[in-house]
Amino acid sequence: MGAEWLPVRKLGMVRGISPDSNLIRIDGISVRRGHRTVLHDVTASFPTAKVTAIVGPSGVGKTTMLGLLNGLIAPASGTVSFSEIGLLTEPTALRAARHQTATIFQDHALIGRLSAIDNVLLGLADTRHPLSPLPWPVAARQRAAKALDDVGLLDLATRRTAQLSGGERQRVGVARALIRRPKLLLGDEPFASVDPALAQQLGGLFRSLAMREGLTVILVLHQLQLARAIADRIIGLSDGRVAFDGPAAAFDADLEARIFPSLALSHDHSPPLSQPKETICSID
């Protein structure tokens with residue numbers, strides 16, 4: 001049976017959703033690349049106003065799952081349902097959904113000669129336009145200023161990004177995503193290039209934004225300690241299968257060592273688990 005993109009209600013209204021609701025749910029998803037199956041029968045849900053971390057070793061399908069959620073990768077089988085945002089095969093609907101999704105990458109690709117606020121405004125630009133300051137309307141500049149204020153950088157709005165620290169540039173990247181007023185915020189290893197203290201600070205920013213703005217935040221992380229510290233929920237992938245799905249507080253060092261022996265900070269010498277045929281641990 002092929003993949004099914006489920007019809008949804010009209011786009012929008014996320015800020016009226018209960019914090020306990022799930023914005024996104026995937027059921028029985030499999031993704032293949034050539035003859036290799038990258039994700040095997042994955043089922044997971046992603047709640048509104050919460051931060052979900054997707055963790056696991058390299059090559060287990062974390063980034064593939066992110067590509068699935070932003071509509072860039074089509075599954076071979078399974079269903080994808082969005083409470084308020086739908087990814088459909090019809091191009092117009094897909095574009096509408098992408099307008100409500102923002103992705104933050106490790107390489108935030110700012111333009112050093114532009115100010116922080118001009119870099120943020122580029123989040124609104126049509127990619128066909130030149131990457132240079134445009135005569136933005138007042139309303140757009142107000143939105144950019146608010147986005148910078150949300151990440152604590154309003155005082156540096158006119159400073160060129162080449163003059164900012166690494167952490168400040170990362171915040172500009174977050175603000176550029178926020179100016180689009182997304183309902184879904186995705187991050188692919190967004191803290192890989194910053195030190196642990198700054199990563200925790202930025203992680204706290206994501207949690208605050210999720211709660212205050214009603215965002216569904218999904219982060220791919222390889223730092224397991226950081227995932228426990230900043231996420232509300234953790235999904236652990238092993239060989240393309242869900243090995244853990246539950247509250248971050250339940251993902252303790254012992255469980256981490258059992259599921260991810262190669263990544264675990266614990267030096268437990270118990271034998272590693274075999275490839276999971278099903279979810280090892282799911283805690284609601």
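Using the three backbone atoms N, Cα and C, a Cβ is placed for every residue, glycine included.
The domain 'ABC transporter' feature in Swiss-Prot is assigned to 24-264. As annotated by Swiss-Prot, ATP binding site applies to Gly56, Pro57, Ser58, Gly59, Val60, Gly61, Lys62, Thr63, with the evidence given as sequence analysis.
A map of Swiss-Prot features onto the structure.
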residue: Gly56; record: ATP binding site; Cβ within 10 Å: 26
residue: Pro57; record: ATP binding site; Cβ within 10 Å: 15
residue: Ser58; record: ATP binding site; Cβ within 10 Å: 9
residue: Gly59; record: ATP binding site; Cβ within 10 Å: 12
residue: Val60; record: ATP binding site; Cβ within 10 Å: 21
residue: Gly61; record: ATP binding site; Cβ within 10 Å: 23
residue: Lys62; record: ATP binding site; Cβ within 10 Å: 25
residue: Thr63; record: ATP binding site; Cβ within 10 Å: 16
